[in-house]
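Report on one structure; see the data block that follows.
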Amino acid sequence: MVKPEVLSTIAALSFLILGYDFATNRYGWTLLAENTGAGPSGFTILVVVQHVAAIVSAAAAGMAADFFGRKYPLVAAGALFFVGNVFKCGATSSYGLLVAGQLFAGLGAGVALTVAPMYIAEQAPAARRGQYTSLPEMWQNIGVLVGYLIQNKLAPLPDHIAQRWMFAIPIVPSILLTIGMVLMPESPHWLIIARMRVDEAKQIMESGEKSPEEIDRIAFQMELLADHIPSLRFMWKDFVRPPLRRLAISVALVQALRHLGVDTYLKLETLVTLYEVEEKLLAKANGTVLLVKAICALVSGRLADITGRPFLLLAGTELTVLCLLVFGFPLIHFHNGSPHKVYAGSNKTLSLAAFNGIMGTFQLGLGPMTWVYTTEAFLYRARAQGVSFGVVVGQIVEVVMFVVLGFLFGLLGIGGVFVLLAGVMAVGVVLCWRLVKDRVGDILV
């Protein structure tokens, strides 16, 4: 049988593809702008199409995971990523093909964001569930780093060749995800509660390094739940009623904070373009930020099972707020919407350190803990659709932020936007203190 490390790595390939897509799409779209006629409005349409598709597929993925299991939606996600990147490979002069590629990639993203963390959490032993469920975030950061390095390596090539290679590379992990998930076992939790295949589920849990006591406890509780659920059904309407209402609000809050602007800002501009510096220095700064993010995501996963989820989430977010203020206040009177301009009076070393701090503390707290908390917040009968609900909220917030950030930069300037973001996230931290509860003592049901 397959070890949980392998299960987690195969499922987390979907986040590797998401990270790579995040890093390379902006560059690829720049290459295609002249040939396809996609200007700034075309770029906005491409991003919105991908997110709208992700919202639709995330909403459907919860129901699909309830009815068809956890592994087959991930098989479908791999196939959607494959088709999307094939379309984008062929879009050297066709804006329509590029939109189609973004549509399929967005559909795959919504499914992956919903199902991959849930599948990993349900396969992981309780003692290391935080570590394993944090893996998608780490792999997403690795994907961003790899994508950034590849885009720099491809830059000297002719545009059409660079674009084809850029979008062809993620086809490989897409195929690996699709084939790998076909070969992986189903979630034992789903096998019991949806199909009552208890013996098969116990064999999977034994190979997943769960203790005999944990296996018996999970199987017993799953069987009890299955007896009280005549059929799986659409349950989002239950999220507005007690006792699920507080859980739904807390998950929505955590997802919204994650997408409030830290990652969305990076979609608007290159990772670090706050100064007009030499290309080598800029590349070094970008690489440093990405490396810090990947390391902090790994450390967060290690700490999640020691400190508890809420502590790490809240402490990391508080530090993010502090770094946002340190970064934003020196630029507060630089009232210009373009982050590319030089602000001669700013301390570049301090600003770069603060920017690294923003990304690093985000990856210590909100980044990975969003997935850990979202998968653990709901009881089993509501988990798939609860995670689906949280992902939809996060994607909606990200679309809104993408649309309004350009206006905010023009209105408030760089410093003003980051200080405003710090204030909003500070309010979110206060709300999290009241709403986010630790479920580490609960069995994952």
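Using the three backbone atoms N, Cα and C, a Cβ is placed for every residue, glycine included.
Some features that TrEMBL has for this protein:
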DOMAIN    7-440  domain 'Major facilitator superfamily (MFS) profile'
TRANSMEM  43-65  transmembrane segment
TRANSMEM  72-93  transmembrane segment
TRANSMEM  99-120  transmembrane segment
TRANSMEM  162-183  transmembrane segment
TRANSMEM  311-332  transmembrane segment
TRANSMEM  352-374  transmembrane segment
TRANSMEM  386-408  transmembrane segment
TRANSMEM  414-436  transmembrane segment
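Same-chain residues lying 6 or more positions outside the transmembrane segment (99-120) and placing a CB less than 8 Å from one of its CB atoms are 7-8, 11-12, 14-15, 17-18, 21, 25, 45-46, 49-62, 64-65, 70-71, 73-74, 76-81, 83-88, 91, 132-133, 135-136, 167, 187, 371-372, 374-375, 383-384, 387-388, 391, 394-395. Remote same-chain partners of the transmembrane segment (43-65), defined as residues 6 or more beyond its termini with a Cβ less than 8 Å from a stretch Cβ, comprise 25, 29, 33, 72-73, 76, 80, 98-99, 102-111, 113-115, 118, 190, 234, 267, 384-389, 391-392, 395-396, 398-399, 402-403. Within its own chain, the transmembrane segment (72-93) is flanked in space by residues 11, 13-14, 17, 28, 32, 35-36, 57, 61, 64-65, 100-109, 111-112, 114-116, 119, 160, 163-164, 167-168, 170-171, 173-182, which lie at least six positions past its ends and keep a Cβ under 8 Å from the stretch.
For the domain 'Major facilitator superfamily (MFS) profile' (7-440), the model's pLDDT averages out at 79.
Counting C-beta pairs under 8 angstroms (sequence separation of 6 or more), the transmembrane segment (311-332) fails to reach the transmembrane segment (162-183), with fewer than 3 such pairs. By the Cβ criterion (under 8 Å, sequence separation of 6 or more), the transmembrane segment (352-374) is not in contact with the transmembrane segment (162-183), since fewer than 3 such pairs are found.
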